[in-house]
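The annotation S-adenosyl-L-methionine binding site is assigned in TrEMBL to D145, N188. Residues or ranges marked as substrate binding site in TrEMBL: N188, P189, P190, Y191. Sequence annotations record features per position, and here TrEMBL assigns domain 'Release factor glutamine methyltransferase N-terminal' to 11-80. Among the features that TrEMBL reports, domain 'Methyltransferase small' is placed at 102-196.
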Amino acid sequence: MQLKTTNIFSLLQSAQKFLESFNLAQAKSDAEVLLSAVLKVKRSKLPLIRNNNLSETEISLYEEYILRRSKREPAAYITGFCGFMQYEFKVNKNVLIPRAETELLVEEVLKIDGKKIVLDLCAGSGCIAVSLAKSGKFEKITAADISKNALEIAKENAIYNRAPNTEFILSDMFESLKDKKFDIIVSNPPYVSETEYKTLEPELKYEPKTALTADEDGLFFYKKIAAESAKYLNGGGLIFLELNANKAGEIKNIFQNKGFKNIEILKDYSNLSRILKAGI
């Protein structure tokens, strides 16, 4: 593509129109996010500089970004950053892009009083672990993930956001955590079934499949957590999990059958079953 203007206001209009031709619902937002990344300014500042002009180098980079987005590459991977809670997180194709629904998971854990020790299982970008650590409410946060590349991003995000009292462990679920105990285990595990994966939006195909999918029925990791987590919880310990809304009832049954108590299914802002809270 070629944007035939250097003016910021005109560039945004042209980019938005181009993205809309690919049926991108968030074309205006995408155009603004990508331009703010090129200019290294906050998106909120764009209206204040709308009459400014871009250099040839900036225009070339913006054209590249818009073209990539038109091919359905997520804007967060193009810019390398994603907002979550009130923080900013580095992301690349080794980690899932943090979702707004997962903020609810963090908010529920933040309601728990006392200096607790927390495990973030399947930590990915570290958005959950870092957000919890930044609250200052918890004694220690351990982030565990099977992916070395994902864990490196999580560490970078802890440093970038100056998150205190965090540690990072390379672990296939609980495998490398044998000598540890926690008051809270929180996780947003892979939960998309192979059948569901085939129907996902093109953007999701850019994200690491292993962080999204979990066998044919999407329940593998819930079964694993239900079977093993009690050994790693202190007395009165709690579990908080993000759910596949389509499988909430099945997941609740899995935990009931393993003896978990006071199981709650919490709704998200779209009234979908999104969070499981349970105690031992």
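Every residue, even glycine, has its Cβ placed from backbone N, Cα and C.
On a predicted model such as this, the values are computed, not experimentally measured, just so you know.
Locations of recorded TrEMBL features on the structure.
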residue	record	Cβ contacts under 8 Å, 6 or more apart
D145	S-adenosyl-L-methionine binding site	C122, A123, G124, L151, A154, F168, L170, S171
N188	S-adenosyl-L-methionine binding site	T102, L105, C122, G124, I128, L241, E242
P189	substrate binding site	L121, C122, A214, F221, Y222, I225, L241, E242
P190	substrate binding site	C122, T210, A211, L212, T213, A214, G218, F220, F221
Y191	substrate binding site	A214, G218, L219, F221, Y222, E242, L243, N244, K247
Per DSSP, what is the helix/strand/coil residue tally across the domain 'Methyltransferase small' (102-196)? 34 helix, 23 strand, 38 coil
Apart from N188, P189, P190, Y191, which residues in this chain have a Cβ no more than 8 Å from the mean position of the Cβ atoms of those residues at the substrate site? C122, S187, V192, A211, L212, A214, F221, E242, N244
Model confidence over the domain 'Release factor glutamine methyltransferase N-terminal' (11-80), as mean pLDDT, sits at 97
